[in-house]
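Notes for the one structure printed next.
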Amino acid sequence: MLWAWLRGAVALALLLAARVVAAFEPITVGLAIGAASAITGYLSYNDIYCRFAECCREERPLNASALKLDLEEKLFGQHLATEVILKALTGFRNNKNPKKPLTLSLHGWAGTGKNFVSQIVAENLHPKGLKSNFVHLFVSTLHFPHEQKIKLYQDQLQKWIRGNVSACANSVFIFDEMDKLHPGIIDAIKPFLDYYEQVDGVSYRKAIFIFLSNAGGDLITKTALDFWRAGRKREDIQLKDLEPVLSVGVFNNKHSGLWHSGLIDKNLIDYFIPFLPLEYRHVKMCVRAEMRARGSAIDEDIVTRVAEEMTFFPKDEKIYSDKGCKTVQSRLDFH
């Protein structure tokens, strides 16, 4: 027993030492882990290393049941997004030889769940989620603020994506605030999203690209309102009712990072996913979920008060929350 404990302790010490020098001398890392393997006698290089550092495991399967449960329990009022994202990710990850990267474009007003979904997807693909070394978030106003630097941004973006996909084929790239991205920047990654086996010796076919945008929110709301006024259920809205309108609308929207983009023109975006505006009942669901997340008992009086503090549109019908669930957390702080 003592020998087993000592053997593990020595191995751990060697591995920690290897991590300290990792940035300076890769050979030393190999020697240290090799020594640890020799001492333990039964763990491979990768097994040992991946116990102490995040590894890109290309063979790691997607737990479709866990993803389905996450979407159904945490995302409210978005039957289309839940269905399409589940099918798209499951089909893509079950394909051992995809012909191109999976590219999803999420559209809808703020507070409807786009960022939340990207977080759920990231967590189901890589255990550390948005904190993973293999999940990369770009925010247009933060990373690409200056219109006069478009060429520089394009070069930097290509290098960043090439380097990270080279390190992990299953890398995930999320582009937030696409409606604020200067037109033309995103076309720099067009070759990576196309049906090429390799680009400059790198295969991008197992990567996933997700675009988040408010663009198209007006088109989505119009369709939802048309269904409501016709007495049809929200859940009757199908992807075919919105996807063609979205793709054309976003392509022709000058306030969209996808304006006249080759990504749309060449049909490289696999799914345009609409996020419907949220109703009063959905806001109440968000309040309950936030209370559970805080470990608080569900108080329906508070749930109702928070929901009623929100503002709704259109002016006459007052059906949809104009901020979705975006301000639920801050409003709940006052109760």
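Backbone N, Cα and C define each Cβ position, glycine as well.
Because TrEMBL annotations are produced automatically, they should be read as predictions rather than curated entries.
Other Cβ atoms within 10 Å of the Cβ of Ala110 (ATP binding site), summed over all protein chains shown, number 15. What TrEMBL records for Gly108, Trp109, Ala110, Gly111, Thr112, Gly113, Lys114, Asn115 is ATP binding site.
TrEMBL lists 278-334 with the feature domain 'Torsin-1A C-terminal'. Helix, strand and coil content of the domain 'Torsin-1A C-terminal' (278-334), in residues and according to DSSP, is 29 helix, 5 strand, 23 coil.
Residues annotated as signal peptide in TrEMBL: 1-23.
For Thr112 (ATP binding site), the count of additional Cβ atoms within 10 Å of its Cβ stands at 31 [all protein chains shown].
The average pLDDT computed for the domain 'Torsin-1A C-terminal' (278-334) is 95.
The number of other CB atoms found within 10 A of the CB of Lys114 (ATP binding site), across every protein chain shown, is 25.
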